[in-house]
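Written out below as structure tokens is the structure these notes cover.
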């Protein structure tokens with residue numbers, strides 16, 4: 001069964017359409033890049049799948065059932081800039097939030113939850129920062145805390161919104177090895193990404209998006225000059241540069 | 001207990017309740033909503049009086065809670081249909097407050113309620129408004145009301161601590177996890193309304209904003225842990241009440257006004273001298289860096 005199926009999803013902000021009739025499904029155990037220009041609705045697509053923005057129409061299924069019934073199967077890494085890092089809390093506490101969906105009402109995180117959260121921090125190389133106030137972490141370290149929190153969700157499908165933006169080389173490497181580890185465990189990861197140069201290197205599949213779905217499929221077949229032209233429209237100088245890059249690879 | 005003792009107890013209960021609720025307002029960047037609700041609950045109080053024909057605390061609390069949550073609801077409604085959130089607060093706040101003021105002046109003759117009292121409070125009368133059951137003197141009504149609201153707030157925060165925490169820090173993640181973020185929002189607005197109206201007699205609508213925001217803002221400068229922030233905020237609230245009372249007796253001025261001034265002074269001192277976030281420590285840290293690199 002497909003981990004994610006999206007059927008005819010349309011999203012509008014104040015009557016202005018952001019996504020129009022997007023339909024696709026993805027296979028299990030792949031790293032999938034969601035690619036498209038600024039304002040193409042990449043983040044909105046993830047948010048619409050997770051129910052964070054209302055859908056004007058359309059349905060979303062996670063392993064064949066509506067998202068609301070499958071929350072525990074889904075992990076989420078929001079954009080780093082979406083929260084206030086001056087919030088009075090430490091890295092471990094943020095990672096523990098990933099457990100909240102499993103803990104249930106009226107209960108506190110157990111010792112087991114804390115141990116699990118610490119192991120997630122360890123996986124992203126942040127264990128020694130567990131008690132560090134989050135505002136004292138660098139951008140890359142903050143991103144790794146968010147990844148650890150998603151790991152703490154212990155999910156089978158992950159959605160990540162621009163995890164590579166503004167991070168240092170070490171963090172980028174850590175994220176890549178983490179993505180590959182998740183893939184090796186048979187998990188499916190959808191990543192909003194906008195650095196075209198690294199697409200071929202990082203992702204098995206790509207979803208090209210610009211308000212509508214342009215194409216989806218294995219990177220080799222789908223990440224082509226023709227599809228990119230359709231996705232990015234007439235930005236020729238830009239596309240010529242990309243053309244050169246693609247030819248180089 | 002002595003007259004003085006009751007006033008200090010009332011002030012402290014206001015300080016603790018407001019201090020704790022205020023932390024969440026600051027972290028959720030909703031200080032302006034506190035200002036709005038502290039005024040619109042006036043409509044709730046007047047409305048409750050007109051319907052129940054009594055000035056009993058319980059009716060006031062119900063009326064205030066309803067209008068407080070309505071305020072939050074209208075602000076949310078306007079905001080989600082495209083009005084800027086500060087403009088939405090401005091519109092809802094002034095309209096509902098104005099209705100409250102008009103009703104109050106229409107029925108002012110019959111009610112022991114007036115605009116001055118509602119805005120400034122009158123803590124000096126509190127020890128005389130006694131709760132009596134079967135002829136037994138149980139202490140001032142306001143203390144019972146504040147105590148009940150404080151216990152209610154603490155129970156809510158204890159039960160929903162992690163839900164309130166995550167929906168304040170990362171509402172998107174909270175929604176994705178299936179936490180009813182909107183419900184938590186209205187729960188907090190309900191707590192805010194109850195706290196405001198219970199504090200009304202003591203400090204009034206304008207100064208309650210000071211007691212809501214200043215202790216929390218002070219605590220924010222002193223710790224990096226949410227639970228500690230709540231405790232420090234409550235302590236600052238109590239300190240403000242005590243310091244305010246003594247300032248007021250020395251200079252023979254308004255007690256509630258002095259409490260707000262005391263809170264402001266504590267904040268100012270913290271702002272400069274806080275060991276982690278203070279102006280002085282940050283300046284020293286910068287100096288040290290400069291010396292190192294020089």
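Cβ coordinates come from backbone N, Cα and C, glycine included.
Feature annotations, reproduced from TrEMBL:
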| type | residues | note |
| --- | --- | --- |
| TRANSMEM | B:6-27 | transmembrane segment |
| TRANSMEM | B:32-51 | transmembrane segment |
| TRANSMEM | B:57-75 | transmembrane segment |
| TRANSMEM | B:87-108 | transmembrane segment |
| TRANSMEM | B:142-161 | transmembrane segment |
| TRANSMEM | B:173-197 | transmembrane segment |
| TRANSMEM | B:203-222 | transmembrane segment |
| TRANSMEM | B:229-253 | transmembrane segment |
| TRANSMEM | B:259-280 | transmembrane segment |
* Report, as numbers and ranges, which residues of the same chain sit near the transmembrane segment (B:142-161): CB under 8 Å and 6 or more residues beyond its ends. => 6, 9-10, 13-14, 16-17, 20-21, 57, 61, 126, 129, 131, 184, 187, 191, 194-195, 198-199, 201-202, 230
* To do: Determine which residues of the chain contact the transmembrane segment (B:229-253) at the Cβ level, with the cut-off under 8 Å and only residues 6 or more beyond its ends counted.
  => 4, 7-8, 11-12, 14-20, 22-23, 157, 211, 214-216, 218-220, 222-223, 259-263, 265-266
* Asked: Quick one: do the transmembrane segment (B:87-108) and the transmembrane segment (B:57-75) have at least 3 Cβ pairs under 8 Å, skipping pairs fewer than 6 apart in sequence?
  -> yes
* **Close approaches to the transmembrane segment (B:173-197) from elsewhere in its chain (Cβ under 8 angstroms; 6 or more beyond its ends)** => 17-18, 21, 24-25, 28, 33-34, 37-38, 41, 44-45, 60-61, 63-65, 67-69, 71-73, 76, 149, 152-153, 156, 160, 163-164, 166-167, 205, 208, 212
* To do: Among B:6-27, B:32-51, B:57-75, point out the range having the most Cβ pairs under 8 angstroms from the transmembrane segment (B:203-222).
  => B:6-27
* Asked: By Cβ distance under 8 Å, which residues at least 6 away from the ends of the transmembrane segment (B:6-27) in the same chain are close to it?
  -> 33-34, 123-124, 126-127, 139-140, 142-143, 146-147, 149-150, 153-154, 157, 164, 168-169, 188, 191-192, 195, 198-199, 202-203, 208, 211-217, 219-220, 226, 229-230, 233-242, 244-245, 255, 259
